[in-house]
There are 2 protein chains.
Amino acid sequence: MSSSYGGYRPQSQYAPSAPQQPPYSSYYQTSTSNVPPPSNSSSNYSYSNVSSSGYPSFPPGTPQDVITSFQMVDRDRSGFIDERELQQALSSGFHRFNLRTIRLLMFLFKNPHQPLAVGPKEFAALWSCLGQWRGIFERYDKDRSGKIDPLELRDALYGIGYAVPGSVLQLLLSKYGDGSGRRVELCFDNFVECGMIIKGLTDKFKEKDTRYTGSATLSYDAFMTMVLPFLVSYD
Amino acid sequence: MSSSYGGYRPQSQYAPSAPQQPPYSSYYQTSTSNVPPPSNSSSNYSYSNVSSSGYPSFPPGTPQDVITSFQMVDRDRSGFIDERELQQALSSGFHRFNLRTIRLLMFLFKNPHQPLAVGPKEFAALWSCLGQWRGIFERYDKDRSGKIDPLELRDALYGIGYAVPGSVLQLLLSKYGDGSGRRVELCFDNFVECGMIIKGLTDKFKEKDTRYTGSATLSYDAFMTMVLPFLVSYD
């Protein structure tokens with residue numbers, strides 16, 4: 001349900017310049033949405049997992065620079081990388097993400113059979129997702145400051161289909177202040193983290209709000225299971 | 001609502017050895033509960049906030065060692081301490097908590113008018129709460145290992161009235177693994193963090209589940225507002 005919400009389909013199947021219109025009207029989906037939101041998981045990919053050499057293989061069509069970035073850090077050729085290797089691999093294409101963001105990314109993109117390591121499939125999905133977030137960041141950083149301010153964040157989330165109330169954004173942004181009381185501005189790292197949290201939690205909630213009324217009935221277990229993956233990670 | 005759930009009343013009014021029985025039967029409240037859970041906030045205290053000298057005052061009955069611990073780190077005598085000063089102040093009585101736990105504590109105990117600083121009122125409430133968590137930790141660390149294992153955590157939460165499903169605990173504990181796949185054991189620091197998260201989220205959920213059915217209907221805004229305070233903090 002979640003992965004096709006908002007007209008989104010996996011990266012390899014859609015043209016970013018001409019996405020489908022959402023097939024429904026909804027409480028969440030904003031009317032100006034013209035960009036499918038990045039997917040928070042790798043679950044839409046389907047391909048053979050292991051090459052004839054036994055080394056886990058990348059999805060067909062994975063760009064060479066993505067493969068190279070992975071292989072550069074996978075020094076033992078195990079086919080899996082840990083969190084610090086992921087941090088290093090991503091820094092070649094994006095940003096030196098802080099370990100908190102890295103852990104959130106790993107948790108959201110994890111392979112259920114190898115939850116603490118990232119393989120080629122997860123890495124390719126993650127790289128593609130980050131590429132989409134970077135596109136959004138650059139589009140909404142209108143003053144080219146390299147930072148996203150609260151209004152730009154609201155517009156960016158609105159642009160990908162998430163009409164987040166101001167009070168909710170304010171609560172989220174209060175986590176990123178430096179204590180001075182100044183207006184919070186997000187670098188790409190924190191922007192990705194905020195975006196993943198808002199998108200992830202909202203998508204989970206929407207799965208339970210099947211009639212798009214803006215409210216949902218949750219069991220206690222379902223509530224806790226939805227929320228805990230987004231909480232603080234281990235040290 | 002939340003603060004009196006489970007028969008809990010503020011520290012200064014109850015005798016830990018003879019708490020009230022809960023006045024209701026509930027989905028969450030476990031039948032063996034005999035300890036009121038620590039309160040996650042300072043909102044039950046009521047006293048004059050400012051002494052005649054202008055320095056914010058401690059609640060009546062605050063132990064001298066708590067006052068001393070605060071004043072030792074409040075070197076500029078502003079009456080407020082920041083996160084690193086709080087870390088230092090608490091280490092004299094408890095543990096050198098990591099900054100992530102400190103930030104969660106600050107967020108949960110914050111004064112709405114001074115959200116990024118801790119005053120005497122918040123500090124006294126926090127100290128009292130940590131004392132209760134330490135008592136629980138020591139009671140359930142049955143093998144005196146200085147660590148709480150998953151079964152001890154389940155029992156500890158059960159003992160203070162939270163019957164948390166195994167799958168939920170497993171999800172939470174997966175955040176604290178070291179990647180080796182070994183059974184997770186929690187030091188006091190992480191135990192407090194886990195306890196605060198479970199208690200805090202469960203209490204929030206129960207506020208919406210007024211008939212104690214085990215499920216609740218939440219608006220999207222309410223859901224996000226409930227959850228975001230427990231998320232990762234700023235760097």
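Cβ coordinates are placed from backbone N, Cα and C, and glycine is handled just like the others.
The feature compositional bias 'Low complexity' is assigned by TrEMBL to A:10-47.
Marked as domain 'EF-hand' by TrEMBL: A:61-96 (among others). If you look at the domain 'EF-hand' (A:61-96), the same-chain residues 6 or more away from its ends with a CB under 8 A from one of its CBs are 12, 55, 102-103, 105-106, 114, 116-120, 123-124, 126-127, 130, 134, 187-189.
The domain 'EF-hand' annotation in TrEMBL covers A:128-163 (among others).
Here TrEMBL flags A:1-47 as region 'Disordered'.
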Residues in the domain 'EF-hand' (A:128-163) grouped by DSSP into helix, strand and remaining coil: 23 helix, 1 strand, 12 coil
The domain 'EF-hand' (A:61-96), counted residue by residue under DSSP: helix, strand, coil: 19 helix, 1 strand, 16 coil
